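Here's the structure we're looking at; comments come further down.
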Amino acid sequence: MFSFSASSGKEEEKERAMSLFHGMGKHSHHGGHVHVHRPGHTEAKTTSVFVVSFLVLAATSAFQGSIAVFSGSVSLLSDAFHNVADGLTGLPLWLAFSLAAKRPSLRYPYGYGKFEDLAGIFIVGLIFFSAGVSLVRSGEKFFHPQVFHHPGWVTLASLTGFLANEAVAFLRIRAGRKTGSISLVADGQHARVDGFTSLTVLVGVAGSVTGHPLWDPVVGIVLGISVLWIALRMMRDVGLHLSDGIEPETLEIIRKAASDSCAIRAVSRLRARWTGHSISCDFCLVLDDAMSFQDGRREGRLAEERVRKVLPFAGDVLVVIVPESEAAASPP
Ligand SMILES: [Zn+2]
């Protein structure tokens, strides 16, 4: 498709350099440059987030469960089950992160990054489910207001649920932002939402004590609707990543960094897409026809370095060197 024309005329040296470069045969006509980045440390970080989240939620669940048995509160018992189940939602994501750290195979030549986005669909589905449960429960409470027999204990259990979920949310969202994983951020959003749901029990207790039984369902419905809104936004983000999409401003950042050298005439055929929590991109560097192969290679390497500097989640970066005369003949 693209060939590199060097002015030096040292054909043999050029071919040797190309085949070394690309690991291809002598007749390769690609002046390409690829660097594969496997974020192994990311996996270790997410493993600890997964383990800590699970332990915190399991302990909370045991505490809430014992108070539920003691006070006879059914909603507290279901909250306890919910928390232990949520501790396990990290499992598919953790598996996806472990897969993403694996080397590409013959069956998966682009690697295993997309499994994370599949896990993201599952996680966002659970947020929708959480919102649905919260709305249905609040609807029921409109007609059957709750009576709290042990308001003190229920208050303690609800505060514990809030603090535990908020701690897990903080851990997951921070790790998600650091590693570029929106699925992990979504998992954190889920915990945050559940924390606030736990907190609404306090409104129920306060309403019940002061004789306002409708406070609880009204707050529950407002919360349920805002959770639906969060879930829709997460769905849009996960959908973008799953469908090989990218935020357009990211393309501009890459283009600006790649073209930041006076030797580069243009950057063309720029593409980028999310694969799990890393961004793969490829582009052509249009260079002067008179430039030597070695200089062209160096420009390619420097362009890759500049792109990696501005793109913390860069995965594969493929740079194709194109002489200006050829670039003019083919559409950008
Ligand atoms: Zn939940």
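Glycine residues also receive a Cβ, built from the backbone N, Cα and C atoms like all the rest.
TrEMBL labels come from automatic prediction, so no person has curated them.
Over in TrEMBL, the protein carries these features:
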{"type": "TRANSMEM", "residues": "48-74", "note": "transmembrane segment"}
{"type": "DOMAIN", "residues": "51-241", "note": "domain 'Cation efflux protein transmembrane'"}
{"type": "TRANSMEM", "residues": "80-97", "note": "transmembrane segment"}
{"type": "TRANSMEM", "residues": "118-136", "note": "transmembrane segment"}
{"type": "TRANSMEM", "residues": "148-171", "note": "transmembrane segment"}
{"type": "TRANSMEM", "residues": "191-208", "note": "transmembrane segment"}
{"type": "TRANSMEM", "residues": "214-232", "note": "transmembrane segment"}
{"type": "DOMAIN", "residues": "247-319", "note": "domain 'Cation efflux protein cytoplasmic'"}
Subject >> Region pair the transmembrane segment (118-136) / the transmembrane segment (191-208), three or more CB pairs under 8 Å >> reply: yes
Original post:
Average pLDDT across the domain 'Cation efflux protein cytoplasmic' (247-319)?
Top reply: 91
Subject >> Highest-contact recorded stretch vs the transmembrane segment (191-208), from 80-97, 148-171, 214-232, CB pairs under 8 Å >> reply: 148-171
Original post:
According to DSSP, how is the domain 'Cation efflux protein cytoplasmic' (247-319) divided among helix, strand and coil residues?
Top reply: 29 helix, 28 strand, 16 coil
